[in-house]
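The annotation domain 'MrpA C-terminal/MbhD' is assigned in TrEMBL to 11-77. Taken from TrEMBL, the feature domain 'MrpA C-terminal/MbhE' covers 125-185. What TrEMBL records for 6-23, 30-47, 53-73, 94-114, 163-181 is transmembrane segment.
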Amino acid sequence: MIELLDILLLLFLVICAVAAISMRDLLSSTIVLGAYSLFMAVVWTRLNAVDVAFTEAAVGAGITTMLMLAALSRTKRFEFKARTQKERRSRKRFSMTKVSGFIVVALTGAILIYGTMDMPDFGDANSPAYTHVAKMYIEKGEADVAVPNLVTAILASYRGYDTLGETTVIFTAGICVILLLRKRRKI
């Protein structure tokens, strides 16, 4: 039953992703992407990463959807088809670009799948991440950082540069949204 739930969640994610990229109505696509984020939050919950699930639900489904709707209010809602002969020819070239892009993505995916064949099973207690790094974090975390919460100690000290990078990306995205939405102009 649990595996069936995981398969259904994965199926819903694929359906949402395909629907979002195939729609010409940008409002509908934004709504589908919000649903995608909610399904991802459920997936993170199934993987026992509740903190990531909360972040995905708040940022992915909530804030990002609102920002996309705000940006959409400043642009046109529908994607229009090409009308002139020159635009049609450029669309044919664009479809060749799509095919070559798909080939590159498929090859990259195949290489990545081949590269993961020797990786340990998901959640394997004997994998290097659990035998070395996690053990060190648990044993030395409170003594090294002097923070009673182990998660805070790992994020603030051991993974500090990673957390700084994530914060910088979010800050930069916020600045970009402010710059995009601060001035209303006709398009």
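Just so you know, glycine gets a Cβ as well, placed from its N, Cα and C.
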Given the transmembrane segment (163-181), its same-chain partners at Cβ distance under 8 Å and 6+ residues beyond its ends are 67, 70-71, 74, 155-156
Taking DSSP helix as H, G and I and strand as E and B, the domain 'MrpA C-terminal/MbhE' (125-185) has 49 helix, 0 strand, 12 coil
